[in-house]
Each structure stands twice: as structure tokens, then as C-alpha cells.
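Everything on this sheet refers to the single structure shown next.
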Amino acid sequence: MELKKSPDGGWGWVIVFVSFLTQFLCYGSPLAVGVLYIEWLDAFGEGKGKTAWVGSLASGVGLLASPVCSLCVSSFGARPVTIFSGFMVAGGLMLSSFAPNIYFLFFSYGIVVGLGCGLLYTATVTITCQYFDDRRGLALGLISTGSSVGLFIYAALQRMLVEFYGLDGCLLIVGALALNILACGSLMRPLQSSDCPLPKKIAPEDLPDKYSIYNEKGKNLEENINILDKSYSSEEKCRITLANGDWKQDSLLHKNPTVTHTKEPETYKKKVAEQTYFCKQLAKRKWQLYKNYCGETVALFKNKVFSALFIAILLFDIGGFPPSLLMEDVARSSNVKEEEFIMPLISIIGIMTAVGKLLLGILADFKWINTLYLYVATLIIMGLALCAIPFAKSYVTLALLSGILGFLTGNWSIFPYVTTKTVGIEKLAHAYGILMFFAGLGNSLGPPIVGWFYDWTQTYDIAFYFSGFCVLLGGFILLLAALPSWDTCNKQLPKPAPTTFLYKVASNV
């Protein structure tokens, strides 16, 4: 069924509002997991590397499972998937309050909540794109701020709930808040259901010939059967012995329900051959699609700038994601007193990320700015800021660095521009899917690696030197790959809107 023309308004603004709320409710706790990370360290007494897996899984699983999430939305629709994801997120959070050990949290918080976030993000983006065309960039920009606002508010909210109700009470209350996703999801009316009449019921015997199992275009059924019989003339392939009484056939194919002859009916023989041929052609078609996909993937990696971009995004997520998870513990390790905290460091990261998305997206719209080099600049500056964290020993310096890192993390808003410049608009979806998979891998690996460095050295200094080195290395690799290709990268290929749905992924602010 074809969708109606996007209304660019009307009920679409309701979709934008509830999508904003769902992302706020869904991503608030996983993105502000750094507050819970400290409590889990005290509650379970595990190492920082092992404990960091909880937050990293919640962030990375949604990206790693993005193909499955897209398939679910395509198969069942945005509204059912949103409601189901609400159950997953709320259930995972509430289940985490009963966790007896850290391994249970890997499943309840890391996998269940993370997968729920991935499903919800895909659903909200899909239905928003259906309702908006001319104003799609604005609509997607509005819903994407839900996660950043959620990070800003939930960082302080979870800290307060832990003080008043303890860790378990905090998770129960946050999980109860997430149940509001179900109410929001119920308002996500599919676009085609607005005024499309329900299909009429048709009796099986009234079905036209076009609903037969297979009918080659331009030929009648008898000609098709002759072609099939030539391919499958062997008696061993086509003969089916009917014995021991009646055999009941599918009422959609034959009106006579039973056959009592011991000799094989000619019509059934033809139908078997027809179905066999159809299945064979379907298998060949699937194999051809798989070969085409692999061929296109190989062709993408022959582009040296794309290969460098793949390395850069992996290294960026390994090194750039840990601060949002570990910054609160960094402050505690630096003996910063809680009385000095004007605002949680994670809240600063969250609000500055929203500002960075907006300003970097505006900069990318200027024709005289090459977005590839703008993205490289954000990587290099972020790498230097990460290397400066070991020298920050006060709340003011940590807050300043948190703001810088948060602003630069907003480079997700220009990442689709970079991908478009590298591979072209026609290959954007394929290339972006590959890049996001490895971004999820980096998100999952980064915090545990930094935590392991702390367990090994009992200080975050080497850990953040390593993080900064990773991001710097990715930036310089991308810069070196792009410099000789300035002419090809500087061509003004068609650009998506600066806030298009591709820039934000299931686990990033």
C-alpha cells in the first residue's frame, strides 16, 4: 500500500511531540548512566572495566542491532514497535533494580534496555519521515533533542532519586516513568490509516488468476505449465504417490476438496512443478541480492576516504564515548568534593551536545565550509581535550572540559554530510549502515577498555591518554586520506538536511 502524500503538519506535529517525549523517556537513563555507574561500583564491588560494560552495552546494542530494528519497523509498523519497545525499556529498568550481580545487569540493563532504545529510535524516525517531507529536517531536529534533554534532566534526577530512595528505588521509578512510552506510542497513527477504506473480503473461489502461485508475465497458465514441464520432466522430480484413502488439497487452489484416485492427478503434478520452480527462482533471487550487497560493500571499501572514515568512526567511539559514562567517577577520583558541584558533569555534556548539534549543523550549511574538514577538526580538538583531562583537578576545569567534549560530540549532526561527500547520495544508506555498525562496536568497547586501564594503573591518566590518542589517530588518518582527494570531496553533492534522521543513532546523544 502506497503512503499518502506527507502532510507536513497537522497530526504530524503530534507525532513530533510524542516522538520527542519517547526519546526523552527512553534515552534519559541510558545516556546518564554515569550516575548509576558509581552506585554499581559501590554495590557490587567489581572492577571499573567490568562495570563499564553495563553502560557500554546499553549504548552499543542499539547500533549493532540496527538492521534488525529496521526490519521490525518495516514488518510491523512504527506504533506496535514503539509500544513494544516501551515494555522492553521499562521492564529492563525495573528488572535491573532486582539485579543480584553485575552479570544480571549485562542482560537487564545492557541488552534489554539497549535493544529497546534501538527499536524506539528507528520507529520514531520512520514515522516522522512519513509525516514530513518539506519540513523533515526541522521535524527530525526537534525529536532528536529529546535524548539530549533527557540526558540533561536525568543526570540530576537519578542523582536525587538515589539519595532519597536508593539505587533500587531509583531504577523502579525511572522504569515506571518509561511506561509513559506506551501512551505516546498509541498516538502514532499510521499515515495510510487516516482515510483509506478497509479492504473488502473476497471468497477463495472468487480470487482472480493473478493470485496463482506463479504466472510468467505475458503467458497464460497453460504456456507456463509447458515451460515448467520441460524443466522438470523427470518422473522422480514430479511424481507424488497418493495412496491410503483421500487427500485434501488447498481450497484456495482447487474447489474440489478431495481426490480419491490412486493415479497422480495431472493438475496437481503441474502445481507441484510450478511451486518448485517458483521456490527455486526465489532462492536464486535472494542469492543474487546477497551477491550484489557484498559487491557494493567491497566497492565502498575501495574508496580510500570511506575506508579512512570507517577507521575514524571506530576510533572516535572507542575514545570519545567514555567521558559521558565515566566523568562523574573521574571527578570523584580527583577528590572533587560534592559541595563544589554546581551542576552534574553529565548534565553539562548533555546540554552542550544539543548546542553542538545545532551550531555545527548550521556551519555545515555554508557552501564555503567543507564538512569533511570540519568533521576532522572536531576529532582533532576532541582528542586534545581528552588528553587534557588528567591535568584537570578541580570542578571548574572538569566542567569546562565536559562542555568542550559535549559540544564536539555534536559532530554527529554533520556525519551524514561527510558520508555523502565520500560516497554520494545514492550510496548513503548502504554506507551509513556499515559505519553505524562499527560505531556501535566502538561504543561497546570504549568504556570497558578505559575501565581496564584504571584497574591496571589505579588512575585515569593513561586511560584518557589512550582515548585521546585514538580520536587523534582517527582524525589524522581521515585528514591524510582526504587531502589528495580535495577535488572529489569538494564537489557539492546533494546534501541531506542538517538534522536528518541519519545523524543520530540509537545510543548517542
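We number each residue from 1, going along the chain as drawn.
Positions of Cβ are set from backbone N, Cα and C atoms, glycine also.
The feature topological domain 'Cytoplasmic' is assigned by Swiss-Prot to 1-12, 483-509, with sequence analysis given as support. Per Swiss-Prot, transmembrane segment is recorded for 13-33, 53-73, 80-100, 102-122, 137-157, 164-184, 305-325, 342-362, 372-392, 398-418, 433-453, 462-482, and the stated evidence type is sequence analysis.
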Q: Give residue numbers and ranges for long-range contacts of the transmembrane segment (342-362): same chain, 6 or more residues beyond its ends, CB-CB under 8 A.
A: 31-32, 34-35, 141, 144-145, 148-153, 155-156, 159, 323-324, 327-328, 331, 374, 378, 395, 398-399, 402-414, 498-499, 503, 509
Q | When counting Cβ pairs under 8 Å to the transmembrane segment (372-392), the leader among 102-122, 164-184, 305-325, 462-482 | A | 462-482
Q: Would you confirm whether the transmembrane segment (13-33) and the transmembrane segment (137-157) meet the contact rule of 3 or more C-beta pairs below 8 angstroms, pairs 6 or more apart in sequence?
A: yes
Q: Grab the same-chain neighbours of the transmembrane segment (102-122) for me: Cβ-Cβ under 8 Å, and only residues 6 or more beyond its ends, written as numbers and ranges.
A: 22-23, 26-27, 29-30, 33, 40, 44, 46, 50-51, 53-63, 65-66, 69-70, 72-73, 81-82, 84-89, 91-93, 95-96, 181, 504-507
Q: Count the Cβ pairs between the transmembrane segment (164-184) and the transmembrane segment (80-100) that lie under 8 angstroms and are 6 or more residues apart in sequence, then report whether there are at least 3.
A: yes
Q: Average the per-residue pLDDT over the topological domain 'Cytoplasmic' (483-509) and send me the rounded value.
A: 45
Q) Which one of these stretches, 53-73, 80-100, 137-157, has the most C-beta pairs shorter than 8 Å to the transmembrane segment (305-325)? A) 53-73
